[in-house]
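Listed in Swiss-Prot for this protein:
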BINDING   Ser9, Arg49, His50, Thr183  phosphate binding site
BINDING   Met182, Asn206, Met207, Ala208  substrate binding site
SITE      Glu164  site 'Important for substrate specificity'
SITE      His218  site 'Important for substrate specificity'
Amino acid sequence: MRIAIIGGSGVYDPGILTNIHEERVETPYGAAVLKVGTYHGEEIGFMPRHGDKHTVPPHKVNYRANIWALKMLKVERVLATAAVGSTNPEFRPGDFVIVNDFLDFTKTRTYTFFEGGETGVVHTDFTTPYCPELGQVLVETAARLGIKAHAGGVYACTEGPRFETPAEIRMIRQLGGDLVGMTNVPEVVLAHEVGLCYGLIAMVTNMAAGISSTPLSHEEVLEIMDQNGKNLRDLIMQAIPGIPRQRNCRCSLAAGKIEV
């Protein structure tokens, strides 16, 4: 399996796969469950980050099991989706952003495979946290389809499950954050540690607290995701055939890459 999709809020079924079966993978960090099917004659994995019925909150997702399972299945490329709030007035609800950097404001998560001992003490380079090759494919595909997708944006990850305060949003904006969400860290970190190419499609569902004129709710997030779901599916469907079979990026050469 070369490619896997990780679906965020509102994306519990990619709607593009045929001959689907469920696969449970046992890892040193617990079990991970994903759907495996076929698209364009190729086996593709789909993993709903929050579970099929959105029962797992962001701070309880077993990120290590999920990423380890993908590595065990020989996945090389990951296309992830995420619903986000926007702190940037240029990024409006309904827009897509192909993320290229992050800020980490999480607090309690286990965010590395390198815990010392057998894995050693490793300091992985994060100069390029997201795969530029996947990012380019996504941006070019969106342009071809006429889908509004911003090329680059900084994702600020908070602990959740509560939404952020207006003061926190002002801080994030001053530090350069364009988007705010609750799931991308440690997911992108772990993917990088095991040498996976990782691309994130962020869909703006609301303006962040203190910017939005209305109180925030998860129902609003799901409503925008539902309205824009076809564009998201089209973007993923059309991007997959354009992903080169040979990796020409440096993702597989991440310093201290762990062997599964």
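Here the Cβ of each residue, glycine as well, is placed from N, Cα and C on the backbone.
On a predicted model such as this, the values are computed, not experimentally measured, just so you know.
Distribution of Swiss-Prot features across the structure.
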residue	record	DSSP (3 states)
Arg49	phosphate binding site	coil
Glu164	site 'Important for substrate specificity'	coil
Met182	substrate binding site	coil
Asn206	substrate binding site	strand
Around the Cβ of Thr183 (phosphate binding site), the count of other Cβ atoms that are within 10 Å:
28
Cα-Cα distance linking Ala208 (substrate binding site) and Thr183 (phosphate binding site), given in Å to the nearest integer:
16
In whole Å, how far does the CA atom of Arg49 (phosphate binding site) lie from that of Met182 (substrate binding site)?
12
Provide, as an integer number of angstrom, the distance between the C-alpha atoms of His50 (phosphate binding site) and Asn206 (substrate binding site).
20
Including all protein chains displayed, how many Cβ atoms other than that of Met207 (substrate binding site) lie within 10 Å of its Cβ?
20
Between Glu164 (site 'Important for substrate specificity') and Ala208 (substrate binding site), find the distance joining the two CA atoms and give it rounded to the nearest Å.
8
Other than its own, how many Cβ atoms are within 10 Å of the Cβ belonging to Asn206 (substrate binding site)?
22
Including all protein chains displayed, how many Cβ atoms other than that of His50 (phosphate binding site) lie within 10 Å of its Cβ?
19
Span of the substrate site, taken as the largest CA to CA distance across Met182, Asn206, Met207, Ala208 (Å, rounded to a whole number):
15
